[in-house]
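Asker: Below are the features listed in TrEMBL for this protein:
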{"type": "REGION", "residues": "1-81", "note": "region 'Disordered'"}
{"type": "DOMAIN", "residues": "92-482", "note": "domain 'Major facilitator superfamily (MFS) profile'"}
{"type": "TRANSMEM", "residues": "97-118", "note": "transmembrane segment"}
{"type": "TRANSMEM", "residues": "130-150", "note": "transmembrane segment"}
{"type": "TRANSMEM", "residues": "157-179", "note": "transmembrane segment"}
{"type": "TRANSMEM", "residues": "185-211", "note": "transmembrane segment"}
{"type": "TRANSMEM", "residues": "223-245", "note": "transmembrane segment"}
{"type": "TRANSMEM", "residues": "251-270", "note": "transmembrane segment"}
{"type": "TRANSMEM", "residues": "305-329", "note": "transmembrane segment"}
{"type": "TRANSMEM", "residues": "341-361", "note": "transmembrane segment"}
{"type": "TRANSMEM", "residues": "368-387", "note": "transmembrane segment"}
{"type": "TRANSMEM", "residues": "457-477", "note": "transmembrane segment"}
Amino acid sequence: MVRPAVAGRGRGAHGVHGDRRGARGPPSTGRARLRPGAEGLLRPRPQKKCLTVQGRVPHTHRVTPPASSRPRGRGADSAQRLPLRALMRRRGFRGLASGRALTYFGNAMAPVVLAFAVLDMGGSAVDVGLVVGARSVSNVVLLLFGGLLADRLPRALVLQGAALAAALVQSGVGLALLAGRAPMGALLVLSVVQGAVAAVSVPASAALIPLTVPADELRPANALSRMGVNAGMIAGTSLGGLLAAVASPGWGMVLDGAAFAGASLAFRLAGRERASVREQTGTVAAPARPWRELREGWKEFVSRTWVWVVVLQFFVVNAVAAGGIQVLGPTVADATFGRTAWGFVLATQMAGALAGGVLVARSRARHALRLGVAVVVLDALPLVALAQSADVAVLVVAMFINGIAIEQFGVAWDLSLQENVPQERLARVYSYDALGSTLALPVGEMAAGPFAERFGVRPTLLCGVALVTLATVGALCSRQVRGLTTGQSRPAAGPPVVETRA
């Protein structure tokens, strides 16, 4: 689920627990079959147990069996109690998490550097809006095709190509800026490429996580990956502004290009296979037209009530957050405690998200989505603080709590999608989710100002509080949202996780 910049098997009938294949027989206990009456004469030789993450297997490759064949119960969720650093021993996940962090670092830095580059070239506020807006337009237009591409081709290969293209374009524009020969058109092209890279990276990277870790490690894997994303966004925004002020936007673009080059190398570790997800899962069919495949993704999206209900909830929540925090927040800050304090307030939200990632990684809640959807109501806390007091200390506490809530929902949402949507359609469902969330941002940003001028800032903020509360209550009225469980088994016919030695 995209936020404002301040993630049963098979087909057939399914309920709130997701799709399931036919039940398999119980796993072998290792007991040998004996002739009648011979049970007391021979003792069957026990099977050797496989080593866990902490152990070592004397083979170059280790194949993790599907989730449905692994034991459940007390030992099934032991991976969730493992230290987060144990996940980083998995080469594929390590590459994916590092690549995502670097990609979000670059995506956060680029708009800041681009804006200052336009201003340094003598551009106006209209020029800044045109260049930065081109990124948003290309992102929205290409999101669905990004999900389609990630379902058609090897996802790691798609991510490598997108990051490499961004690295080449941004490095070239950065060198041109340093030489003083970058035309405005080059910045416009760069912004379009940046939006296209984000459109491909968001669904592809989120859908790749289940292919890099076993099913019982999905929760901590999502939490750790999102912690890297949040850290990358914080560092990218801060460093972009610092480089543009102290050095020049050109150096910022060169560093951005280096970050994307590093992301491309990291994604190479995330998967070396050259087969698409469909070929890996045995769901290869005759090539279909793109529009038909987009329709398939849409049917998958709307066939699960809990998916479109939560996306609808977040259309409202994101619109309110974009208008209240991104538009009215700076207005209140300018009139009261100042811009520096407002920057600190925004940073505490990201700090709360990092803390929330640590907390949710240890969680073993079965109804994670119900809890995540419920705590979204805490998005209203910063709006209440802005409307009632505009006190920095109160805002800091409200934003920190809000950051924890955002991460609780984000991990629950990713986990729910990855466990209940077939792998060969997961990226397309992610792209529809991201499209719904992204479209909400300009709606909130454009509506906040006129409403505040007509009714006042405080009533507009309190109206946003009411909308967030109503959207959350409405989502919780869905039986599927309340009843969906996580941590059961991976639903989609996904391939086993293959680990190679680092």
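Cβ coordinates are placed from backbone N, Cα and C, and glycine is handled just like the others.
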Asker: Sort out the residues at least 6 away from either end of the transmembrane segment (368-387), same chain, that have Cβ-Cβ distances under 8 Å to it, and list them.
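Answerer: Answer is 219, 306, 310, 313-314, 317, 320-321, 324-325, 328-329, 332, 349, 394-395, 398-399, 401-402, 405-406, 408-413, 415-416, 457-458, 461-462, 464-465, 468-469, 471-472, 475-476, 481-484, 486-487.
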Asker: Hey, which of 130-150, 157-179, 185-211, 251-270, 305-329 has the most Cβ-Cβ pairs under 8 Å against the transmembrane segment (97-118)?
Answerer: 251-270
Asker: Who are the long-range neighbours of the transmembrane segment (130-150) in its own chain, taking Cβ under 8 Å and residues 6 or more past its ends?
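Answerer: Hits for the transmembrane segment (130-150): 110-111, 114-115, 118, 123, 158, 184, 187-188, 191-196, 198-204, 207-208, 290, 293-294, 297, 427-432, 434-435, 438-439, 441-442.
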Asker: Near the transmembrane segment (185-211), which same-chain residues lie under 8 Å Cβ to Cβ, leaving out any that are not at least 6 residues past its ends?
Answerer: 2, 7, 92-93, 96, 99-100, 103, 107, 110-111, 114, 117-118, 121, 130-132, 134-143, 145-147, 149-151, 155-156, 158-159, 162-163, 165-166, 169-170, 173, 176, 218, 221-222, 225, 253, 260, 270-271, 277, 414, 417-419, 423, 426-428, 430-431, 434, 490, 492, 494-495, 497
